[in-house]
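Here TrEMBL flags 12-32, 38-58, 65-87, 99-117, 129-150, 188-206, 212-230, 251-270, 352-371, 378-396, 408-425, 437-456 (among others) as transmembrane segment. Marked as domain 'O-antigen ligase-related' by TrEMBL: 199-359.
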Amino acid sequence: MVKVFSRTIQYILIAIPVLIPLVFWQEVFFPYTFPKTILFRTLIEIAFVLWLPLVIFISRYRRLYSFPAISVSVFFGVLVITSLTGVDVFKSIWSDFERMLGLWTYVHLFVFFLMLVTMMRSIRDWNRLLVTSITAASLISIIGIGEAVISEGRIIATIGNAAFLSSYLLLHVFLSLMLLLNEERFNYKAGFFALSTGMIGVALFLTEARAGLIGLFGGLVVLSVLFLIFSETDGQTLSIPHKVGKRIGGILLGLFTVMSVFFILFPKSISPYVPNQLRRFTDVSLAERTAEGRFLTWRVAWEGWQERGITGWGIENFNILFNAHYDERLFRQEPWFDRAHNIIFDIGSSTGILGIFSYMILLGSMFFTLYRKWRNNMYTFWTSAVLAALLGGYVLQNMFTFDTITTLIPLWMIFAFVAVSLHDEKYVIEDKQKNKLILGGVVLLSVVLIPGWYYVNAAPMHANRAAHIGWETLRLGGGDEEAIQLFNKGLSYKTHGDVDIRRFFAEYVFEFLKQGGVRPDESLFRLMTQANEYMDENIRADPQNVKWYIYQGELYNLMAVRFDSSYALLAEEFYLKARALSSARPQIYLGLAEAYKRQGRIEETWQELDTVLEKVPAFLAAHEAAGITAIETENREREEQEVEWIITNGHEAGSLRDAYFLAERYGDAARIQEYIIHDDDLLRKDRATLYAQLAALYNLAGEKDKARQAAYAVLEFDPMRKDEVEAFLNTL
């Protein structure tokens, strides 16, 4: 009985690093993270039912004491404390459908760690685990390389995001390298690991993720230095004597150092000679949009961390910190951040000094144990050195990105590998009479945990799936009421993802209108009213999240434009509440300006617009709003200023053209259309369409000759539209 249970647990543990990165399901929201986490938690819970009775009744499975095991336990304890003392305990525990990395998932990671330490105690066990994990990474690399062969762009494979894929591959390229370098001679095993290392490395380059490549190069530098300083001169690796290897390593390290210095000092001069996968490195500057956004986000995280220095804001609560300390200079970035994209600020802001200190102890325990096991001949030099390089590269990479479930699983697996005391003995069952107690414990745990499994795993899966079908129904025009019923079905499961389900309904409405979708007024009013009801519920469930107030305000502004201007009063109410939560967000001031304009309060409209432009003079959306408002209110002086600013700075001016058209100033609309047409990046067919629009505008403006010239230009760029052009010319 015990042997069967222990073997089953081992098979599950080995299956986890194989199945989780490979699984995804496009029929739910967040298809690359949500199903992976649900499957991981389910597998851990199945194994837990078998594992806990073994730990309770058999002492051999309770040998957990080691410096790394204690440090991991302390870090997990800090996660528990800081989650329960955070600003949103519910969010800290459950997270959301997008990330799925709340405390409840960390509980499963910690149990995963404990199971690995207690159940995978032999060298053979770990070899099987590592080889299967590397095999899965190799398969994912093949999928990614296949993507690169058939299409351009960065690869995502089964992970769904190039940066997250690079993080996953970074860990496995070092694991594969570790097993490769532990072979004294180049044999068939070394050939397999060499092939795996090469494929994973190629796929890592094809992600074009700067963070992952920085981590790779940094880790290799660490490994080279360790090899040159600490490895023995005697011996060989892959049939290469260490003396020769050290000479080669020293030369390569020197060349890499020189190239790195030259690369840092003269990035633009070498850009033409750099492979495409490394080209993004040469584009980095402190003023570049992504780099600027990272620095500003780190500053926001630091300000928030100082506010709650000891225990932080709680994991998964960075969005609340971000909103409260938002820097208006972030207007060029995406509006919502739930991570600092830096391991120090992510851990520090969410768990405070306690979290940072405990995490440093955790990493320190890993490095110390690797060194000690090498000195005591428990690990080979290559095992300790490569794992140290892996951890160094991982930390360096995570200075610019963050973890997902696909990186945390191999990371905590590595923690367990360092923590465990390996031996070649097989387990001996000391007391077979405990089988009945163990079986009884398994049955009891199953009865107790199955309802909980349904609530935290099955129900969220059903809810997500139902809502996704509802979203597809809306997208494909399958019926508004049917779609709403499906969203409500998803909400009927009452899961921690209800906020996300309601959010997706509102975002469908925004995206539909943004893309110029057309619906009968009755249908659109029904959807917008339902979206408002959902946002009301989101505000009650998640009152500290400014996003729902902004969504509510935006919905009411849209309803004021489309249906009744009195909705602008409600828009004003929610934007004022949003400003109380995130006073520096320029989008809130624009929303207020729109609400005031719809109420006819023009002076207050200009006050809000001027406030935004004073805070962020380069904010295009504010200049567009000011230009449109000036056109609508016939403020010619301000109109001229805003049009000049937009054109002088080379921005797309379609919104101004549309405003002129609605104001029946067709000549001015044509003037803006002329500016738009001269964009060098336009395709020929796009330019033909724009000339057709220009011809129509000149016709409306009464300038027949210019209308004819524009019509002939249509033929120049798209001769297939000859009949259309001739029909238009006949109307002149």
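Glycine is treated like the rest: Cβ placed from N, Cα and C.
Because the structure is a prediction, the values reported are computed rather than measured.
Listed stretches 12-32, 65-87, 99-117, 378-396, 437-456 were compared with the transmembrane segment (129-150); the greatest number of C-beta pairs under 8 angstroms is found for 12-32.
For the transmembrane segment (437-456), the neighbouring stretch richest in Cβ pairs under 8 Å, chosen from 12-32, 38-58, 65-87, 99-117, is 38-58. Of the two recorded stretches, the transmembrane segment (38-58) lies close to the transmembrane segment (99-117), with three or more CB pairs under 8 Å once pairs fewer than 6 apart in sequence are set aside. Tertiary proximity for the transmembrane segment (65-87) is limited to same-chain residues at least six positions away from its ends with a CB under 8 Å from its CB atoms, namely 93, 102-103, 106, 110, 113, 117, 308, 311-315, 317, 320, 350-352, 354-355, 358-359, 361-362, 364-366, 368-369, 412, 415, 418-421, 544. As a whole-number mean, the pLDDT of the domain 'O-antigen ligase-related' (199-359) in this prediction is 85.
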